[in-house]
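Chemist: This is the structure, below, for whatever I ask next.
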Amino acid sequence: MTDLPQPPGPHSSSAPPPWKQPDQAHAGPVPSMPSKVAWSEPAIRPLLVEWPKAPRPVSAATGAGAAVAGTLAAMCFPGRPGLNVLIVGVAMLATLFPVARRNRTSLVFGALAVALLALPALVDAGWVTALAIALAVPLGSYALTGGRSWIDLLGGGFALLLAAPHSVPWAGRGLAGLAGAGRRPTRRMVGSLLIAGTLLGVFGALFATADVAFSRAISGLVPDLSVGPLLLRILIFGCITATVLTGAFLAVAPPRFTRLPAASHVGRAPWVVPIAALDLLFLGFVAVQADVLLTSDKDRLLRSTGLSYAEYARQGFWQLLIVTGLVLMVVAVAVRYAPLENRTDRTTVRTLLGLLCMLTLVIVAVALRRLYLYEEAYGWTRLRLWVHAFELWMGLVIVLIAIAGINLRATWLPRAIATSGAIGLLALGLLNPDGFIAARDVHHFRHTGTADLAYLSGLSADAVPALDRLPEPQRSCALQHLADALQHGDSWSSLNLSRAQARALLRRHPIQRSLTC
């Protein structure tokens, strides 16, 4: 049987083609395979993080600052969130400030992180505190890394977590070097601190047993050092100290995030058809929904649909919220592959995407209108207020995207969206959400005579001033649980403005515990 004819190519006529496997016993050396096969490479490389070598080891000032921040955290926690969150946050950022790069991005996002950490000292709502801390951490992380692109923003937000494995050997070598270089001064300092601690302990204990007032004054300053709390405080000290050292590593050796390859722009027709079709669909929906925005007679509107307040408000609200989020994804993909070769292409892109953004804003207004009808009929809750605020923020993001579309290039957009989100959460916290909810529900009670007292009694101390305006017995029933929770005062580290005001109000107007709720 004869061999198949050899296909044309760069291979020699005497050598077997690359796909044939010669008999190793009788054939000569196997011809080398091509080192790269073009079609085997992925179209998009995975996102990679490159960590440069740190230019300098950790300094003595940074190590001492990390220890101070950890000590403050161990003294302030565990305990109710309050002033302690701000104290520890400021101590951490103050340690990192001398080693961080100082530019407009780092200063703005660092300031936003500190502002969010101040909320636990002002409001008592635990969900606000959790959101504020959860957002302050990535904001502070991004302040240390910087960058302008979306990848820089998202990667910088998680950089503190990603840098932890790399910071441990860096911090260990630096601290070991400091200990070796200054062993004798370190011993003298440790000895001095031990002597000072012993003197303070002995004389402080004598003064405390000699005077009751002095004993009460220092009791709030000395933490509980029994076995369980002591182990927890040691853990807190280690976590905060390690976090500060990781932040210092980020500041001196910020990571480089691999950029996505530039996308190839598609032709005008393949791009225009789906976006124009989406515009037409949105335009039709907005035309049908005109009555929702323009009518002032809600009863007529509901009679025309045959639905109740709750049914109409709930119908489609979550779908409209999802639509808003999907539009953001569509715009991001459309801009990446938009044809921009000439002025006609750019005008087409601006027109179609601008119309899509404008129609999406109308849909945001429709969704908010539906939610408002529900809130007006049944009162406010934390979920309704949160969704209200989130939908408003998404509308603001649409506006920012529309502004960026004027030039089709906006390096400021990622930072602007992140800044608007941080400012939005800060504004929501300063609004005093639980107090706002209670005030609106008390107003609703005065007009309808109905209120969900079980829900109102589960709000935080922020709601006490508003609930105090309820008539009896509703007032005492709504405040009974809160009054019990506020019987014990806060320590110096857990000071909270809202809880202090609530305690003062309940002292002036005690609840009637004899009432049956």
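Glycine too: its Cβ is placed from the backbone N, Cα and C atoms.
Among the features that TrEMBL reports, compositional bias 'Pro residues' is placed at 1-20. Annotation comment: TrEMBL describes 1-34 as region 'Disordered'. Marked as transmembrane segment by TrEMBL: 82-100, 107-137, 149-168, 189-210, 230-252, 272-296, 316-339, 351-373, 385-405.
What does the local environment look like for each feature on the list?
Modeler: Same-chain residues lying 6+ beyond the ends of the transmembrane segment (82-100) with a Cβ under 8 Å from its Cβ atoms: 59, 61-62, 65-66, 68-69, 72-73, 76, 106, 110, 113-114, 117-118, 120-121, 129, 133, 136, 140, 143-144, 240, 243-244, 247-248, 251-252, 490, 492-496, 499.
If you look at the transmembrane segment (149-168), the same-chain residues 6 or more away from its ends with a CB under 8 A from one of its CBs are 47, 49, 51, 137-142, 242-243, 245-250, 253-255, 257-260, 411, 414-415, 418.
When Cβ-Cβ distances below 8 Å are used as the criterion, the transmembrane segment (351-373) is approached by residues 272, 275-276, 278-279, 282-283, 285-286, 289, 292-293, 298, 309, 312-317, 320-321, 323-324, 327, 330-331, 334-335, 338, 384, 387-388, 391-392, 394-395, 398-399, 401-402, 405 of the same chain, each at least six residues removed from its ends.
Nonlocal intrachain contacts for the transmembrane segment (385-405), taken as residues 6+ away from its ends with a CB within less than 8 angstroms of a stretch CB, comprise 321, 324-325, 327-328, 331, 335, 349-350, 353-354, 357-358, 360-361, 364-365, 367-368, 371, 375, 412-413, 416-417, 420-421, 424, 428, 433, 436-437.
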Chemist: Are there residues at least six beyond either end of the transmembrane segment (316-339) with Cβ under 8 Å to its Cβ atoms? List them, or say none.
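Modeler: Same-chain contacts beyond the flanks: 263-268, 271, 275, 278, 345, 348-349, 353, 356-357, 360, 363-364, 366-367, 370-371, 374, 387, 390-391, 394-395, 397-398, 401, 405, 408.
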Chemist: Report, as numbers and ranges, every residue of the chain located at least six residues beyond the transmembrane segment (107-137) whose Cβ falls under 8 Å of a Cβ in that stretch; write 'none' if there are none.
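Modeler: Contacts with the transmembrane segment (107-137): 81-86, 89-90, 93, 97, 100, 143, 160, 382, 418-419, 421-423, 425-426, 428-430, 432-434, 459-462, 495-499, 502.
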Chemist: Give residue numbers and ranges for long-range contacts of the transmembrane segment (230-252): same chain, 6 or more residues beyond its ends, CB-CB under 8 A.
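Modeler: Beyond its ends, the transmembrane segment (230-252) has Cβ neighbours at 54-56, 58, 62-63, 65-67, 69-71, 73-75, 77-78, 88, 92, 95-96, 99-101, 140-141, 144-145, 159-160, 163-164, 166-168, 170-171, 223-224.
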